[in-house]
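S.K.: Handing you this structure, nothing more for now.
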């Protein structure tokens, strides 16, 4: 798995361009950043604190599937049609983050092919990294039989 | 090294999780002929049931600690022991972590599941000689919060400034388990660890898939393969390099391992037939 933090994954020139579109925001612990099924109109990069991605399960506390910390991208559904969140996100602790308007970034990606390719590569790396991690966790390797008993 | 099991007495049994205990053992007669070093293992014999390899999870002056997970007949028998019971013990066997070779470097310890057991004496050894090493990072992954080994010790290590970074993650947290920590794969914790790749030695132990994923990530970050030390596991029987059960390519893990460098392990771990 490779580093997918903004600083490591996006070349400096494109990073600076992206950061010109950022605005500083903060969330108290427990604040909901987005909800499953809603339009993905913004995204964030965590500066401090922890954001958890969760899935609503009726009758119980939302199930946390991943934690995100410093430098990590919160949300990628804003980059992929139909631009709808498939998870929820909540600030586990007080969070400071850079917030971006998804439509503005997408528009810039469409106007500037090099920038658009760099952003697509960055988001693609994030998705690939989380997919790989999810697949390994699916194996339940720490369980009693590791990756499964042999037939 | 001993061919015949020596009698050891169980002085303490500490239940770590629902299926895992740590046994404190002292010699009930002559002690093992050589001192254990972190990373090595013993063949622990449950009388009348059988013998299994168990890494040493803490090394005292007279006491050896072995952390055992109940997954089969022998391990279940060992987990059911009470203080005063006796076991047979052969060892020490295999290679150690060789922490001394990492003097002056940053240390990165990555453990998954019960893989924390062989790494615990390494962390304790590094903490006991703190000034010899650079930044000490400990990253631990577990299935659920309830499956975390040495929970009290982890909390204490997390609070210690001696560790530059101590982080724990779980694969899943359930409703009401009180977990407010990280959720995700242990490799996700690497992003926040503090180490200079060109001057770091990493020590990995856990499921082999986790080891492969972590080692690849570390190589991508610039660690040379020989400074990624991994502990591998195969079916060990004799522990003396004769029976061949633990053979992995040209390596007999009971004798040439379990701890080897990723420069040797990488090719072996990528062969399906092994």
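Every residue gets a Cβ built from N, Cα and C, even glycine.
Heads up, here are the entries from TrEMBL:
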BINDING   B:238, B:243, B:246, B:254  [2Fe-2S] cluster binding site
DOMAIN    B:3-99  domain 'FAD-binding FR-type'
S.K.: So which of the binding-site residues is most packed in, judged by how many other Cβ atoms lie within 10 Å of its Cβ, out of B:238, B:243, B:246, B:254?
M.R.: B:254
S.K.: Name the binding-site residues, out of B:238, B:243, B:246, B:254, that lie close to chain A, meaning a Cβ-Cβ distance under 8 Å, keeping sequence order and answering 'none' if none do.
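M.R.: So none of them sit by chain A.
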S.K.: How would DSSP class residue B:246 ([2Fe-2S] cluster binding site) in three states?
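M.R.: For residue B:246 ([2Fe-2S] cluster binding site) - judged by DSSP and reduced to three states - the answer is coil.
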S.K.: Using DSSP with the three-state reduction, classify residue B:254 ([2Fe-2S] cluster binding site) as helix, strand or coil.
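M.R.: The three-state answer is helix.
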S.K.: Reported in the order helix, strand, coil, what are the DSSP residue counts of the domain 'FAD-binding FR-type' (B:3-99)?
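M.R.: Tallying H, G and I as helix, E and B as strand, the rest coil: 8 helix, 50 strand, 39 coil.
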S.K.: Any idea what DSSP makes of residue B:238 ([2Fe-2S] cluster binding site), helix, strand or coil?
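M.R.: Where residue B:238 ([2Fe-2S] cluster binding site) sits, the three-state DSSP reduction gives coil.
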